[in-house]
Amino acid sequence: MLCEISQSQKDKYCEAVYLYGVSRVVRFKETESRMVGSREFQFGKMKKCWRWMVGGPEGILQNGAVDDGVAKTSQLLAELNFEEDEEDTYYTKDLPVHACSYCGIHDPACVVYCNTSKKWFCNGRGNTSGSHIVNHLVRAKCKEVTLHKDGPLGETVLECYNCGCRNVFLLGFIPAKADSVVVLLCRQPCASQSSLKDINWDSSQWQPLIQDRCFLSWLVKIPSEQEQLRARQITAQQINKLEELWKENPSATLEDLEKPGVDEEPQHVLLRYEDAYQYQNIFGPLVKLEADYDKKLKESQTQDNITVRWDLGLNKKRIAYFTLPKTDSDMRLMQGDEICLRYKGDLAPLWKGIGHVIKVPDNYGDEIAIELRSSVGAPVEVTHNFQVDFVWKSTSFDRMQSALKTFAVDETSVSGYIYHKLLGHEVEDVIIKCQLPKRFTAQGLPDLNHSQVYAVKTVLQRPLSLIQGPPGTGKTVTSATIVYHLARQGNGPVLVCAPSNIAVDQLTEKIHQTGLKVVRLCAKSREAIDSPVSFLALHNQIRNMDSMPELQKLQQLKDETGELSSADEKRYRALKRTAERELLMNADVICCTCVGAGDPRLAKMQFRSILIDESTQATEPECMVPVVLGAKQLILVGDHCQLGPVVMCKKAAKAGLSQSLFERLVVLGIRPIRLQVQYRMHPALSAFPSNIFYEGSLQNGVTAADRVKKGFDFQWPQPDKPMFFYVTQGQEEIASSGTSYLNRTEAANVEKITTKLLKAGAKPDQIGIITPYEGQRSYLVQYMQFSGSLHTKLYQEVEIASVDAFQGREKDFIILSCVRANEHQGIGFLNDPRRLNVALTRARYGVIIVGNPKALSKQPLWNHLLNYYKEQKVLVEGPLNNLRESLMQFSKPRKLVNTINPGARFMTTAMYDAREAIIPGSVYDRSSQGRPSNMYFQTHDQIGMISAGPSHVAAMNIPIPFNLVMPPMPPPGYFGQANGPAAGRGTPKGKTGRGGRQKNRFGLPGPSQTNLPNSQASQDVASQPFSQGALTQGYISMSQPSQMSQPGLSQPELSQDSYLGDEFKSQIDVALSQDSTYQGERAYQHGGVTGLSQY
């Protein structure tokens, strides 16, 4: 409460309160307009003394009369003008210095001082999942703290007793056996050393100081519920924004967030663009945001006091080896990155040199190697006092901006058809007249299966195609075959791109096998890096050109002496340019990264046909770099059910930069052609990913017998299913970086499983360990090498990496360590269905998942997986040599809903509500205006998949896809009867969450869900057996229109006809829009429309 009183009143009141002990906090507000500061009095402790002074309870004298003092006080209180205290002001005005910078709680026992940011934070969670101090340490990347001097433990800097390490994320405690004391030790190396100094310490008892993102309560008290409710309420979003603001202005407060101009969001990407100028105006700022973030990240990475080891490369260039201290940066060092090395000591003249990274840290060692551009003056005799700076290069971002500009201003950059298609305009479909080859398989490559042949045939006749290649379906072979046929048409060189160098190299290798003339164009900074296709690289092909003897002589001279005279250098460069042009013009295929397509050497060239592999891993502006080189035929290959592009800047990612061009085109209605036969996984391993991520459409090109390893002696819980989920009850801990997690129990189990696989006969280089967290990855590398029972070399050859690093690759055996195990935090990264899809589809012979089912089962997708493993009897626990089925129970799986886009099917990651993907009046518009009712059968859904069959199927001859999850029946009016509802659909209804109206991303209310009588739209998918054989569902007899749906048949979220998933979806419509394997054709009777008999 606040009260207005004069100074004299105040003095009298103080006196009265002093006597009568009002047991609450009273605060005075000065009556003058300026606040001099309020004073607080806490008089609850004085109750005893007023009784003694007044001589009776409540100030009443023995004779019943009221004491004068009490009367005086009552009168004074009556004169006071009480006003309601606003909740906020309690914790904003005149808080002590040690109050929590987020919420204002200031109990000394509850607060902790951050030594780096010089701010105090409490150990309460408030409205967030972790305590305020831990939230701050993680977001600000700080690690050292001090307790308050008035707290129970006094002013203490938390540090390791053994080595003095102050990183709180590394610190933990061991209770000493004899005394009632605890010892603080860091996780590594001190707590893991076998010879701990004091015999009283049992290192197996070590526990981290931070558990469940809170400091342990005996160390820092957790504020009571009441205190937290009285404190300032702050949300996780506000905390994020405040932390961002503190980076620029450390004294900023929560009030500053309200100021205009703070935290302005960039414009969100659209689905359609009016013209290329609007397109450039939206993507340009996002590319700049990402560039600025990247620059800031690189330039903040300066490291001092580096020790260097010098060496001389085979090409006579100096190589510097050094190790960088572990940082918590999001930055990943790549081969080809530029680094500036400076000498700052006194033993040699000051020097600086720039070089390219040629080696990055790996399982064998943390050394980084850079090759210097020029070794002139390099202080090779000294090894200490060096400084390392990361050189930020704007090249890739400049090329993206340049491509966006070219797209806008240059009419020849792409064909008119592709221009309008990319902007989302409606244009008539075009067929390219070309001579189709008699045999689609390319020479030197494996024979194609039916879906691959269909893909190649379709792509050659279209100006714009999308190919979706699920894991192991031969995407690279298909792409190489397409390129082979395009190059044979003689329309100039074909440009082949991919976002990463590894993907480009893989595809280059395959195309080379067809006998075409291939040139691999590398960035200049990567010319020193060896790859399987180095011999095809432009710079190496020039060296071997016999037609230019003068160039070869100059090259030899340059190699021997290292430098050329200025005249020779000039001549050398001119000759080299001519040779490059000649090679590029005569090539059948030119391969480079997407950003590499912006190389000046390609600037004057025009490419009619362009193929972009792994296009779902590239941002849209990145894809535009090759596209604007004259594309008249564009093929995008990828899989939007696997990982998307990596965007470092959260703001840009949120605005839609993390959505690939492939995904946007899918939402716009360009149907990808899906490859359907997988050749990688044991059939038991492919069942779950096929059913959950690809609507059951994946067929197996390998049998179970093909995927049994000879001479491999490993006991699987179910001999015919080489997979299991190993139940582990460990707790997650925050890793030393503060931004990642690790789980020691899981790490120990992973080591045991790896050792067992190695002993059973698996080769170490064929075992892959996947973990989503860098903290667990680095802990595992150390743990396996120090604690594994086999030779260290064996463990070094086992690849341990993140999900992202394994994308596009395969191993014989995959062990997945989930890490997360907590009460409040959720499962973070594991939430992303695309990550799970990639992790489960890397293995050929066997998959082992190690995790905590209790934490994972709260998430619907993992709940499906756990239930599936339990049904298959491969959810196990116990010692590895005696595994038994786990009795753990999970809730029945709920239907999977796409949280990013509730109107879409589960795996769609597009940023938009696809309800707006249908353009009124287009061939896909289902409204009945001006269209005959039987047209219903002659259209595909534009967002469905193209099947490997005829595109328009007569109503008489409907093929039914295999393993189709049947939708509810259409009402009779859809079958051309005059008396039902209008024959066609108006605006398609995307599924909203759970009925009711739902806002889509553009703030428009979505249509409410139609609840059909007897419909079981929420039927669980798990109630159907996962099968990959013929259809297991019984078919609905169409002659009974009242029977809308049958149990177990309705799972709209998983059907491919995703965006139009309303209750009126007909069986035929889904049959046409599925890209799946046709099991032959089914006769479709005129009469009662029955006859969907089962084979």
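Every residue, even glycine, has its Cβ placed from backbone N, Cα and C.
Per TrEMBL, the feature domain 'Upf1' maps to 92-249.
Annotated region 'C3H' per TrEMBL: 100-132, in sequence order. Residues 90-92, 138, 140, 142-152, 157, 166, 212-215, 217, 220-223, 227-228, 231-236, 239, 242, 246, 250, 824-826 of the same chain lie 6 or more positions beyond the ends of the region 'C3H' (100-132) yet place their CB under 8 Å from a CB of it.
Residues or ranges marked as region 'CC/SHH/C' in TrEMBL: 114-142. Across the range of the region 'CC/SHH/C' (114-142), the DSSP-based residue counts are 9 helix, 5 strand, 15 coil.
Packing against the region 'C4' (160-190) from elsewhere in the chain are residues 115, 137, 143-145, 196-198, 200-203, 205-210, 216, 733-738, 779, 782: each is 6 or more residues past its ends and has a CB under 8 Å from a CB in it. Positions annotated as region 'C4' by TrEMBL: 160-190.
Marked as region 'Disordered' by TrEMBL: 975-1024 (among others).
The compositional bias 'Basic residues' annotation in TrEMBL covers 991-1000.
Annotated compositional bias 'Polar residues' per TrEMBL: 1007-1024, in sequence order.
Marked as compositional bias 'Low complexity' by TrEMBL: 1039-1052.
Marked as region 'Disordered' by TrEMBL: 1039-1062 (among others).
Sequence annotations record features per position, and here TrEMBL assigns region 'Disordered' to 1076-1095 (among others).
Taking the domain 'Upf1' (92-249) as a whole, pLDDT averages 85 in the prediction.
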